[in-house]
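K.L.:
Would you mind keeping the following structure in view while I ask a few things?
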Amino acid sequence: CNDGSIRLVGGTNSKEGRVEVCSGGVWGTVCDDFWDNTDASVVCKQLGYHSGTAFGSAYFGQGTGSIVMDNTHCNGTESLLKNCTHITEHNCNHNEDAGVKCVLCVAGSIRLFNGSHDWEGRVEVCVNESWGTVCDNNWDSTDAAVVCKLLGWGTSGTALSNAYFGQGTGSILLDNVQCTGTEQLLTNCRHSTTHNCGHSKDAGVACHVCTPGTVRLVNGSNSIEGRVELCHNGRWGTVCDDSWDNTDASVVCRQLGYGPGTAFYDAYFGQGTGSVVIDDVDCNGSESYLTNCTHTTEHNCNDKEVAGIRCSFINISTNPASNQLSSILVPVAISLLLMLLVVLAVALFVACFIIKKRRNRKQLTRRIESNSSLFSKSNKENIYSSSSNKNVEISTEYMIQLSSCIIPGSSISMQETVGQGEFGIVYRGVMTKKDQMSQAVAVKTLKGFYNKIDIDSLLDECITMMSFDNLNWSYGVLCWEVFSLGRVPYPGLDPVGVVELLDAGGRLQNPNNEACSQEIYSLMMSCWSESPDDRPAFSDLVSSVNALIGPLADYVSGLH
């Protein structure tokens with residue numbers, strides 16, 4: 001025999017018996033001191049079975065050879081019994097010979113066979129300690145998702161049929177499987193045990209696993225915070241919080257498309273259920289991915305040492321590689337183009353503003369006539385459902401709040417058009433109320449039919465409405481687009497998010513490149529002052545821009 005090989009002797013079948021180990025080319029027995037089910041399972045796995053139960057006191061009869069192992073202690077991960085901790089000296093007799101009973105599989109367990117990866121393959125299920133296949137009648141993605149969740153390969157999968165991963169050889173144990181998606185075992189799904197299938201209809205799955213190196217945030221109150229989980233070998237795992245700091249957190253936030261982040265420790269967002277994937281993370285802040293940071297894959301962490309983060313909502317960063325490329329191009333081509341763009345932008349902006357103002361004056365009279373119904377004696381009478389001409393039933397709660405915002409059309413004098421969008425027109429106007437001073441307002445009109453949801457959504461806008469000096473404010477945004485070299489303002493935010501950001505005092509961040517100096521950015525910020533009185537006059541803006549462009553021209557000249 002080969003040293004380290006094992007066999008079972010004295011049982012009623014091949015799955016049970018007295019454990020004998022080959023040592024020095026001779027078979028010997030194992031003493032049952034400290035013999036337990038973990039040791040038995042290592043024996044069974046070495047023989048190709050699933051797990052085992054330990055027996056002592058020569059349950060399967062006494063051996064006749066030497067006693068070659070004693071005080072055996074396995075941790076369960078060993079592939080060979082001889083790799084477990086043990087001693088070769090003993091104080092045993094053969095009436096203490098150890099034995100095992102192995103099982104081929106646990107009832108209801110499943111496995112994937114013959115796939116290219118661990119997360120795909122032919123589905124095989126254990127029934128009565130035997131592996132068998134599943135017929136693909138009614139096999140669908142819900143059934144596949146149950147299989148993937150049970151095996152720890154994500155929460156969804158693709159159902160494959162017609163023996164996509166090859167034909168099995170065992171019994172066909174399940175047919176017409178119909179899972180709801182919540183089952184803890186595949187055998188708990190509705191199914192039939194009789195079938196009319198051949199192995200050419202064996203069912204398979206390809207689980208939808210995460211991409212290695214990707215990160216996600218779990219268990220936060222919103223999308224920009226949570227426990228950090230990292231994809232490793234198709235499964236999500238946690239990050240140990242040893243040495244975890246704000247620099248590490250900011251790298252994760254950048255990878256997710258957010259701004260700088262704050263580090264959290266001690267499982268602040270929960271402990272998680274996956275394994276600890278990396279430890280001792282040490283980022284320098286320039287990395288594009290968390291896995292690029294210095295780290296170890298071995299750890300000494302418990303389930304309470306889990307890292308978390310909270311990111312800032314605005315993505316003020318770009319990919320470091322892109323920044324590096326931009327910094328190379330800016331000194332020559334971009335700087336020259338920048339000065340030209342600023343001059344052209346100012347000229348075009350003024351010209352377009354004048355043309356638009358003249359055009360809107362001509363359209364104003366026609367729009368007042370065609371939309372006169374918007375200013376009838378009751379706002380509610382002018383709101384119609386998209387499905388019929390019946391009045392929309394607005395909730396009592398909204399009507400109470402809305403009543404304080406309804407203004408009779410006779411109190412509004414509309415002037416030029418400010419803007420026109422997909423859902424209506426915004427006019428500049430003057431509101432005059434009894435015993436009150438006249439007040440400049442913005443008037444939003446609606447076109448077409450609107451349903452209840454549209455009406456309800458108007459209330460918050462009415463209540464939180466703010467007034468901005470559009471000329472200076474828009475010019476500041478235009479400058480930001482130019483000096484940021486064409487980046488999109490407010491990336492990742494929908495219109496509601498932009499309003500919430502501005503209302504909270506948030507503004508576009510400094511582009512942080514060589515083209516945009518602090519003086520230029522300060523000029524932009526002055527355009528976005530909350531009070532229109534604090535914003536500079538447009539003529540002052542033009543002269544300030546000309547003064548600030550001068551150093552850029554000197555900078556470019558110095559390059560030649």
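Any Cβ shown, glycine's included, is placed from N, Cα and C.
Sharing the features that TrEMBL gives for it:
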DOMAIN    6-103  domain 'SRCR'
DISULFID  CYS74-CYS84  disulfide bond
DOMAIN    110-208  domain 'SRCR'
DISULFID  CYS179-CYS189  disulfide bond
DOMAIN    215-312  domain 'SRCR'
DISULFID  CYS283-CYS293  disulfide bond
TRANSMEM  328-355  transmembrane segment
BINDING   LYS444  ATP binding site
K.L.:
How do the residues of the domain 'SRCR' (6-103) split into helix, strand and coil according to DSSP?
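P.N.:
Helix, strand and coil residues of the domain 'SRCR' (6-103) number 16 helix, 41 strand, 41 coil.
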K.L.:
How many of the residues that make up the domain 'SRCR' (215-312) does DSSP mark as helix, as strand and as coil?
P.N.:
13 helix, 37 strand, 48 coil
K.L.:
Rounded to an integer, what is the Cα-Cα distance in Å between CYS283 (disulfide bond) and CYS84 (disulfide bond)?
P.N.:
39
K.L.:
Could you state the CA-to-CA distance between CYS293 (disulfide bond) and CYS179 (disulfide bond) to the nearest Å?
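P.N.:
It is 42 Å, counting Cα to Cα.
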K.L.:
When you measure from the Cβ of CYS179 (disulfide bond), how many other Cβ atoms are you left with inside 10 Å?
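P.N.:
21, counting other Cβ atoms within 10 Å of CYS179 (disulfide bond).
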K.L.:
Might you list, by sequence position, any residue in that chain lying six or more from CYS84 (disulfide bond) with a Cβ less than 8 Å away from its Cβ?
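P.N.:
Non-local contacts for CYS84 (disulfide bond): ASP39, VAL42, THR72, HIS73, CYS74, ASN75, GLU78.
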